[in-house]
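*Asks:* Next up is a structure, given as structure tokens.
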Amino acid sequence: MAVTNIVVVGAGVVGLTTALVLSRHDNFNVTVVAKHMPGDYDIEYASPWAGANSMPVGKPGSNLQKFETATWKELDRICREVPEAGLHCQETFIYGRKKDENTATGDWFKELVKEDAWFRDLMPNFRVLPRSELPPYCTTGTAFTSVCINPAIHLPWLAGQCLKNGVTIIRGTLTHISQAPSFHTTGHAAVTLNCTGLLARTLGGVLDTTVYPGRGQTVLVRNTPGAMLTVSGTDDGAGEVTYIMQRAAGGGTVLGGCMQPDNWDSQPDPNLALRIMQRAVELCPALVPKTGKVTELSVIRHGVGLRPMRKGGIRVEKERIGGAWVVHNYGHAGYGYQSGFGSAWEAEKLVLGIVKDKAKL
Ligand code: FAD
């Protein structure tokens, strides 16, 4: 059996998931190369900053909807069967405000807040909440069971699964995508997977200027809400939302947040941090049972991550660059965990097509 050498550039959730999917083929010899690795906290590396949960936002008929549907089934399976992957199930409450309908955050959550959402038969225990169970300022509400992923466990788990399947993982920085094959353990590769997230914007040979940052600021606390909660907007400022996610296995609770397009600032804004905490305790008093006050929150860390937004949505596409095959898989915005397996399987199909065509030559 002929062996195909493959290099995956990127070790975020997308690169590692793609490498894992490819490493299940006995005839693929996979190397992952990346500037940032699980364990790093860096503004150029989105994955550690994510909540992360699965709250479908893809428009009906879109690739994102397809990827979210496929990924949910795998996350649900992993959650039930693989405790060491760092996922747990949580009841999730989604609240919508009418006034957010035509705002940036309202558009982001447009599908999520629908009471007849397309995912009502996909996400377990989906139900429409009676008006009496909504916060007074909200007009719609649903609840369902989702997962919350602890990236500090999940990313090393993905890397570990890759290593178990024979993948080599190395630290390296590329200035041009054509350098990728030289990072393979053998010194050459037939296919490169481009999973570089936000840096696809500046990587030579790619230079995708439709990629831009969607800044997200969070506060990670030790307090436990007992459920995940999200509201479609706030009155505090454009681009601000409220979400609360309790990570699996002692990972703390992520309080968010915001979506600030084209904002590259890596430092937490202390005023925004206060607003995030204030909104969280108002929405979920269970976070602070003794006093009901922000001062009862025990802060682990303030965080800022840049979501790798892309104007045309996630790019999964093959392209010849400098005479070699590149399969792109980047631009996962605020949904890299909830769409990661779906887009990795799509990228896998493209790789299999390339390998099959080469065999015919
Ligand atoms: P990254 O994690 O940024 O990884 C990119 C990789 O490419 C890195 O390893 C980097 O070193 C490497 N790389 C790039 N350029 C080069 C180069 N030139 N040479 C070598 N290596 C290179 N998603 C969800 O699904 N659910 C959530 O609840 C959720 N919450 C979020 C909350 C916040 C605050 C933020 C910021 C994001 C959230 N997301 C969530 C989105 C999710 O984090 C991203 O979609 C995902 O992390 C993108 O993964 P990635 O692998 O494409 O990019």
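Cβ atoms here come from the backbone N, Cα and C positions, even for glycine.
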*Asks:* According to TrEMBL, Y243, G334 bind D-dopa; so which of R222, R307, R310, R315 is the extra one listed there?
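*Replies:* Candidate listed by TrEMBL for the same site: R307.
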*Asks:* Under 8 Å between C-beta atoms and at least six apart in sequence, can you list the same-chain neighbours of T196 (FAD binding site), or say none if there are none?
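*Replies:* Looking at Cβ-Cβ distances below 8 Å from T196 (FAD binding site), excluding near sequence neighbours, one finds V9, G10, G15, L203, V206, Y330.
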*Asks:* Using the CB centroid of Y243, R307, G334 as the D-dopa site centre, which other residues of the same chain sit with their CB within 8 A?
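*Replies:* My list of surrounding residues reads A50, G51, W108, G214, G216, G256, G257, M259, A333, Y335.
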